[in-house]
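*Asks:* Following this message is one structure expressed as C-alpha coordinates.
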Amino acid sequence: MKNIVIFGAPGAGKGTQSDKMIEKYGFGHISTGDVLRNEIKNGTELGKTAKGYIDNGQLIPDELMIDILASVYDSFGKEHKGVIFDGFPRTIPQAEALKKMLAERGHSVAAMVELFVPEDELMKRLLLRGQQSGRSDDNEETIKKRLNVYSNQTSPLIDWYKGEKIHHHVEGLGTVEEIFARIESVIDSL
Ligand code: ATP
(Lines of atoms letter the chains of each structure in order from A and count residues from 1; the text may use other names and numbers.)
(Lines give C-alpha, C1' and ligand atoms only; values in the text may rest on other atoms or scores of the structure.)
Protein backbone atom coordinates (compact mmCIF):
# COMPACT_ATOMS: atom_id res chain seq x y z
CA MET A 1 0.00 0.00 0.00
CA LYS A 2 1.50 3.28 -1.13
CA ASN A 3 -0.14 6.48 0.05
CA ILE A 4 1.26 9.45 -1.85
CA VAL A 5 1.03 13.16 -1.09
CA ILE A 6 1.14 15.13 -4.35
CA PHE A 7 2.29 18.58 -3.38
CA GLY A 8 2.81 21.90 -5.10
CA ALA A 9 1.56 25.44 -5.56
CA PRO A 10 -1.82 26.17 -7.16
CA GLY A 11 -1.45 25.41 -10.86
CA ALA A 12 1.56 23.11 -10.39
CA GLY A 13 -0.28 20.28 -12.15
CA LYS A 14 -1.27 18.13 -9.16
CA GLY A 15 -4.67 17.22 -10.62
CA THR A 16 -3.30 16.37 -14.08
CA GLN A 17 -0.53 14.17 -12.69
CA SER A 18 -2.92 12.54 -10.20
CA ASP A 19 -5.09 11.39 -13.11
CA LYS A 20 -2.04 9.76 -14.73
CA MET A 21 -1.08 8.02 -11.48
CA ILE A 22 -4.62 6.74 -10.96
CA GLU A 23 -4.64 5.33 -14.47
CA LYS A 24 -1.28 3.59 -14.18
CA TYR A 25 -1.23 2.45 -10.55
CA GLY A 26 -4.91 2.15 -9.62
CA PHE A 27 -4.60 4.49 -6.63
CA GLY A 28 -7.59 6.12 -4.97
CA HIS A 29 -7.70 9.93 -5.11
CA ILE A 30 -8.60 12.49 -2.46
CA SER A 31 -8.67 16.04 -3.81
CA THR A 32 -9.79 18.28 -0.97
CA GLY A 33 -10.52 21.07 -3.47
CA ASP A 34 -12.93 18.74 -5.29
CA VAL A 35 -14.46 17.60 -1.99
CA LEU A 36 -15.11 21.23 -1.04
CA ARG A 37 -16.46 22.22 -4.47
CA ASN A 38 -18.85 19.27 -4.21
CA GLU A 39 -20.02 20.41 -0.76
CA ILE A 40 -20.65 23.87 -2.23
CA LYS A 41 -22.63 22.38 -5.13
CA ASN A 42 -24.74 20.35 -2.69
CA GLY A 43 -25.38 23.39 -0.50
CA THR A 44 -24.17 21.71 2.74
CA GLU A 45 -23.18 23.64 5.87
CA LEU A 46 -19.51 22.88 5.16
CA GLY A 47 -19.98 24.09 1.59
CA LYS A 48 -21.50 27.37 2.74
CA THR A 49 -18.58 27.99 5.09
CA ALA A 50 -15.99 26.88 2.52
CA LYS A 51 -17.22 29.14 -0.28
CA GLY A 52 -16.27 32.35 1.52
CA TYR A 53 -12.72 31.15 2.12
CA ILE A 54 -12.21 29.71 -1.38
CA ASP A 55 -13.45 32.79 -3.22
CA ASN A 56 -11.13 34.88 -1.08
CA GLY A 57 -8.10 32.67 -1.80
CA GLN A 58 -7.81 31.64 1.87
CA LEU A 59 -7.52 28.19 3.45
CA ILE A 60 -10.50 26.58 5.13
CA PRO A 61 -9.74 26.32 8.90
CA ASP A 62 -7.69 23.24 9.82
CA GLU A 63 -10.26 21.78 12.21
CA LEU A 64 -12.91 21.63 9.47
CA MET A 65 -10.52 19.92 7.05
CA ILE A 66 -9.18 17.51 9.67
CA ASP A 67 -12.76 16.61 10.69
CA ILE A 68 -13.60 15.20 7.26
CA LEU A 69 -10.23 13.55 6.60
CA ALA A 70 -10.78 10.14 8.23
CA SER A 71 -14.22 9.54 6.71
CA VAL A 72 -13.00 10.42 3.21
CA TYR A 73 -10.00 8.09 3.62
CA ASP A 74 -12.08 5.26 5.07
CA SER A 75 -14.46 5.45 2.11
CA PHE A 76 -11.75 3.62 0.12
CA GLY A 77 -12.15 0.55 2.34
CA LYS A 78 -9.46 -1.42 4.17
CA GLU A 79 -7.74 -3.02 1.19
CA HIS A 80 -6.51 -0.57 -1.42
CA LYS A 81 -3.36 0.05 -3.41
CA GLY A 82 -2.89 3.44 -1.86
CA VAL A 83 -4.46 6.86 -1.99
CA ILE A 84 -3.17 10.07 -3.54
CA PHE A 85 -3.67 13.08 -1.29
CA ASP A 86 -4.06 16.07 -3.61
CA GLY A 87 -4.36 19.47 -1.94
CA PHE A 88 -3.98 17.99 1.54
CA PRO A 89 -2.07 18.66 3.76
CA ARG A 90 -1.70 22.41 3.26
CA THR A 91 -0.49 23.29 6.77
CA ILE A 92 1.72 21.63 9.38
CA PRO A 93 -1.25 20.80 11.68
CA GLN A 94 -2.91 19.09 8.70
CA ALA A 95 0.26 17.05 8.03
CA GLU A 96 0.39 16.01 11.68
CA ALA A 97 -3.30 15.04 11.60
CA LEU A 98 -2.76 13.00 8.43
CA LYS A 99 0.17 11.15 9.96
CA LYS A 100 -1.85 10.37 13.10
CA MET A 101 -4.99 9.28 11.21
CA LEU A 102 -2.92 6.90 9.04
CA ALA A 103 -0.90 5.56 11.99
CA GLU A 104 -4.15 4.70 13.80
CA ARG A 105 -4.90 2.41 10.86
CA GLY A 106 -1.39 0.96 10.65
CA HIS A 107 -0.79 2.98 7.47
CA SER A 108 1.59 5.79 6.48
CA VAL A 109 2.56 8.19 3.70
CA ALA A 110 5.13 6.48 1.44
CA ALA A 111 6.19 9.60 -0.48
CA MET A 112 5.61 13.32 -0.70
CA VAL A 113 6.10 14.37 -4.32
CA GLU A 114 6.74 18.08 -4.65
CA LEU A 115 5.95 19.35 -8.16
CA PHE A 116 8.08 22.45 -8.54
CA VAL A 117 6.98 25.18 -10.97
CA PRO A 118 8.28 28.80 -10.96
CA GLU A 119 5.77 31.48 -9.94
CA ASP A 120 5.51 33.32 -13.30
CA GLU A 121 4.56 30.06 -15.00
CA LEU A 122 1.96 29.28 -12.27
CA MET A 123 0.31 32.65 -12.84
CA LYS A 124 0.18 32.06 -16.61
CA ARG A 125 -1.34 28.60 -16.24
CA LEU A 126 -3.97 29.66 -13.69
CA LEU A 127 -5.12 32.67 -15.71
CA LEU A 128 -5.50 30.42 -18.76
CA ARG A 129 -7.40 27.82 -16.70
CA GLY A 130 -9.67 30.60 -15.35
CA GLN A 131 -10.69 31.53 -18.87
CA GLN A 132 -11.45 27.90 -19.73
CA SER A 133 -12.90 26.37 -16.57
CA GLY A 134 -14.68 29.39 -15.16
CA ARG A 135 -13.50 28.44 -11.65
CA SER A 136 -14.51 31.34 -9.41
CA ASP A 137 -11.08 31.45 -7.71
CA ASP A 138 -9.00 31.55 -10.94
CA ASN A 139 -8.96 35.33 -11.38
CA GLU A 140 -5.84 37.45 -11.05
CA GLU A 141 -6.60 38.92 -7.62
CA THR A 142 -7.52 35.59 -6.00
CA ILE A 143 -4.61 33.78 -7.68
CA LYS A 144 -2.16 36.26 -6.11
CA LYS A 145 -3.69 35.61 -2.69
CA ARG A 146 -3.52 31.83 -3.21
CA LEU A 147 0.14 32.02 -4.23
CA ASN A 148 0.86 34.04 -1.08
CA VAL A 149 -1.01 31.56 1.08
CA TYR A 150 1.03 28.80 -0.55
CA SER A 151 4.36 30.43 0.19
CA ASN A 152 3.45 31.46 3.76
CA GLN A 153 1.34 28.58 5.06
CA THR A 154 1.92 25.60 2.80
CA SER A 155 5.53 25.64 1.58
CA PRO A 156 6.92 25.08 5.14
CA LEU A 157 5.66 21.53 4.64
CA ILE A 158 8.59 20.90 2.30
CA ASP A 159 10.99 21.04 5.24
CA TRP A 160 8.52 19.14 7.42
CA TYR A 161 8.46 16.24 4.93
CA LYS A 162 12.24 16.42 4.51
CA GLY A 163 12.32 15.77 8.26
CA GLU A 164 10.12 12.71 7.68
CA LYS A 165 12.64 11.59 5.00
CA ILE A 166 9.96 11.06 2.35
CA HIS A 167 10.26 14.30 0.35
CA HIS A 168 10.91 14.01 -3.42
CA HIS A 169 11.50 17.08 -5.60
CA VAL A 170 10.16 16.79 -9.15
CA GLU A 171 10.61 19.46 -11.83
CA GLY A 172 7.12 20.49 -12.95
CA LEU A 173 8.09 22.11 -16.28
CA GLY A 174 7.88 20.15 -19.52
CA THR A 175 5.18 18.11 -21.20
CA VAL A 176 2.65 16.16 -19.12
CA GLU A 177 4.38 12.95 -20.23
CA GLU A 178 7.86 14.19 -19.33
CA ILE A 179 6.72 15.20 -15.87
CA PHE A 180 4.86 11.93 -15.36
CA ALA A 181 8.01 9.96 -16.25
CA ARG A 182 9.79 11.75 -13.38
CA ILE A 183 6.97 10.85 -10.99
CA GLU A 184 6.94 7.24 -12.17
CA SER A 185 10.59 6.87 -11.30
CA VAL A 186 9.85 8.07 -7.76
CA ILE A 187 6.88 5.73 -7.30
CA ASP A 188 8.67 2.75 -8.84
CA SER A 189 11.56 3.26 -6.42
CA LEU A 190 9.33 2.98 -3.34
P1 ATP B 1 -4.82 22.76 -8.31
O2 ATP B 1 -4.04 23.67 -9.18
O3 ATP B 1 -4.18 21.41 -8.18
O4 ATP B 1 -6.29 22.71 -8.65
P5 ATP B 1 -5.40 24.64 -6.27
O6 ATP B 1 -4.66 25.02 -5.04
O7 ATP B 1 -5.53 25.65 -7.34
O8 ATP B 1 -4.73 23.35 -6.83
P9 ATP B 1 -7.58 23.22 -4.97
O10 ATP B 1 -6.61 22.26 -4.38
O11 ATP B 1 -8.71 22.70 -5.75
O12 ATP B 1 -6.88 24.25 -5.95
O13 ATP B 1 -8.11 24.15 -3.78
C14 ATP B 1 -8.99 25.22 -4.00
C15 ATP B 1 -9.28 25.93 -2.68
O16 ATP B 1 -9.92 25.02 -1.75
C17 ATP B 1 -8.06 26.46 -1.91
O18 ATP B 1 -7.63 27.73 -2.37
C19 ATP B 1 -8.59 26.49 -0.46
O20 ATP B 1 -9.42 27.62 -0.25
C21 ATP B 1 -9.51 25.26 -0.40
N22 ATP B 1 -8.79 24.06 0.10
C23 ATP B 1 -8.53 22.93 -0.60
N24 ATP B 1 -7.85 22.05 0.15
C25 ATP B 1 -7.67 22.62 1.37
C26 ATP B 1 -7.01 22.23 2.58
N27 ATP B 1 -6.38 21.05 2.69
N28 ATP B 1 -7.02 23.10 3.62
C29 ATP B 1 -7.63 24.28 3.54
N30 ATP B 1 -8.25 24.73 2.43
C31 ATP B 1 -8.28 23.92 1.35
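Yeah, the Cβs are placed from backbone N, Cα and C, and that goes for glycine too.
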*Asks:* Please identify which of GLY52, GLY163, GLY174 is recorded by TrEMBL as part of the ATP site containing GLY11, ALA12, GLY13, LYS14, GLY15, THR16, ARG129.
*Replies:* GLY174
*Asks:* Do you know which of ARG146, ARG182 TrEMBL groups with THR32, ARG37, GLN58, LEU59, ILE60, GLY87, PHE88, PRO89, ARG90, GLN94, ARG135 in the AMP site?
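*Replies:* Same AMP site in TrEMBL: ARG146.
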*Asks:* Of the residues in the region 'NMP' (31-60), how many are helix, strand and coil by DSSP?
*Replies:* 21 helix, 1 strand, 8 coil
*Asks:* Under 8 Å between C-beta atoms and at least six apart in sequence, can you list the same-chain neighbours of GLY13 (ATP binding site), or say none if there are none?
*Replies:* LEU115, VAL117, ARG125, GLY172, VAL176, ILE179
*Asks:* Measuring Cα to Cα across GLY11, ALA12, GLY13, LYS14, GLY15, THR16, ARG129, GLY174, which the record gives as the ATP binders, how far apart are the two most distant ones in Å?
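*Replies:* Greatest Cα-Cα span of the listed binding residues: 17 Å.
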